[in-house]
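These features come from Swiss-Prot:
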- 1-62: transit peptide (TRANSIT)
- 24-60: region 'Disordered' (REGION)
- 24-36: compositional bias 'Low complexity' (COMPBIAS)
- Lys76: N6-acetyllysine (MOD_RES)
- Lys76: N6-succinyllysine (MOD_RES)
- Ser188: phosphoserine (MOD_RES)
- Lys302: N6-succinyllysine (MOD_RES)
- Lys317: N6-succinyllysine (MOD_RES)
- Lys317: N6-acetyllysine (MOD_RES)
- Ser367: phosphoserine (MOD_RES)
- Lys397: N6-acetyllysine (MOD_RES)
Amino acid sequence: MTCYRGFLLGSCCRVAGGRAAALRGPGAGGPAARPRLGGDGGGRRHLGQGQPRELAGCGSRADGGFRPSRVVVVAKTTRYEFEQQRYRYAELSEEDLKQLLALKGSSYSGLLERHHIHTKNVEHIIDSLRNEGIEVRLVKRREYDEETVRWADAVIAAGGDGTMLLAASKVLDRLKPVIGVNTDPERSEGHLCLPVRYTHSFPEALQKFYRGEFRWLWRQRIRLYLEGTGINPVPVDLHEQQLSLNQHNRALNIERAHDERSEASGPQLLPVRALNEVFIGESLSSRASYYEISVDDGPWEKQKSSGLNLCTGTGSKAWSFNINRVATQAVEDVLNIAKRQGNLSLPLNRELVEKVTNEYNESLLYSPEEPKILFSIREPIANRVFSSSRQRCFSSKVCVRSRCWDACMVVDGGTSFEFNDGAIASMMINKEDELRTVLLEQ
């Protein structure tokens, strides 16, 4: 074992001790043939029984089927691969990695098993495509770039919701389909993916694409403009930052190089679109976020809070839902107070409490195709200086001026932009940014 490897294992011991071919269908014109896309181009589940309320009536019926020629498959990085990459410079053997994971309370065999399940399902997807004469490129996060997206007629995200968000982040062409396949249904919810039955029967999904037996779901996304003084439009990949600080340092160096500029820069359209949400707040969660906010070009309001979340209909069942949802305990307490204050003879049984709770929580969800933003203020501070007139509200445009010291603006949990004092972010929905996805029946 090298000295560095020994140092890593030794450090963990001390911590542990302290704690105890071308893609073409029938009639395609060859490898270079472009896809025939159905549909009219307008317009964190699926049609059929048990379909969530927020997707009821969504999507446009495909017309003529969908036959792409080239597909890029974006495969997620499994936890096993992530741990290998974290310690790649230490040159750990598999046995060393096993010991290191055990010291951290993680199961090496469990991670390896999930990795094999994911890998097997990715191979199933690729084999299914190639059996149809499809030209396929398999890429990981680091290899997934704009050139790869331009090459492909369609993008398949092989993983879970996080992989779907990654795959969508590079696709700015509203006509290019992005399809999610859950490669580990036992461990991943996969709200944005095809129904789990297609994980092991992907050829059936392909045949439905060919026959047009699906609907297009046009998911709205948030576009972001950044302007003001000392802004840094260089994005930081938070996944890569976990593995290495090099990228983050490069972004900081670029920021420092421009830090001396006092003049304000005009609005810059950022090269990402938010499919789920945008979060704005101090990097240190224990520090209050100070900012000014304007909704739909209204007056500016100074606020302090734990940050704010701006989501789409797609993201309304993700982080935003968990920020705003209420528990049955809170509903029961409120109803009891209302009963006492209003002298109501309301039968407060468990059935009523759960019904009220569910109806309120379901009201937080809306269709991914609706062109509106739901912004939520997290834990707003209310005193004689600061207030929040609206803790949650639908809007078409939100502008935020930072008064923070070390804040960030995070898009879909994966891409971060510095957002400090003087920076102004404008967020809105534009039809050109909608993402073309697929709805298949269960």
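Each Cβ is built from the backbone N, Cα and C atoms, and glycine gets one as well.
Here the features listed in Swiss-Prot are painted onto the structure.
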| residue | record | Cβ neighbours (10 Å) |
| --- | --- | --- |
| Lys76 | N6-acetyllysine | 23 |
| Ser188 | phosphoserine | 19 |
| Lys302 | N6-succinyllysine | 14 |
| Lys317 | N6-succinyllysine | 23 |
| Ser367 | phosphoserine | 22 |
| Lys397 | N6-acetyllysine | 15 |
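The shortest Cα-Cα distance between Ser367 (phosphoserine) and any of the modified residues Lys76, Lys302, Lys317 is the one to Lys317.
Rounded to a whole number, the distance between the Cα atoms of Lys317 (N6-succinyllysine) and Lys76 (N6-acetyllysine) is 22 Å. Between the CA atoms of Lys397 (N6-acetyllysine) and Lys302 (N6-succinyllysine) there is a gap of 17 Å. Under DSSP, Lys397 (N6-acetyllysine) is assigned to a strand (E or B) in the three-state scheme.
In the three-state DSSP reading, Lys317 (N6-succinyllysine) counts as helix. Across the fold, the C-alpha of Lys302 (N6-succinyllysine) and the C-alpha of Ser188 (phosphoserine) stand 39 Å from each other. A distance of 15 Å separates the Cα atom of Ser188 (phosphoserine) from that of Lys317 (N6-succinyllysine).
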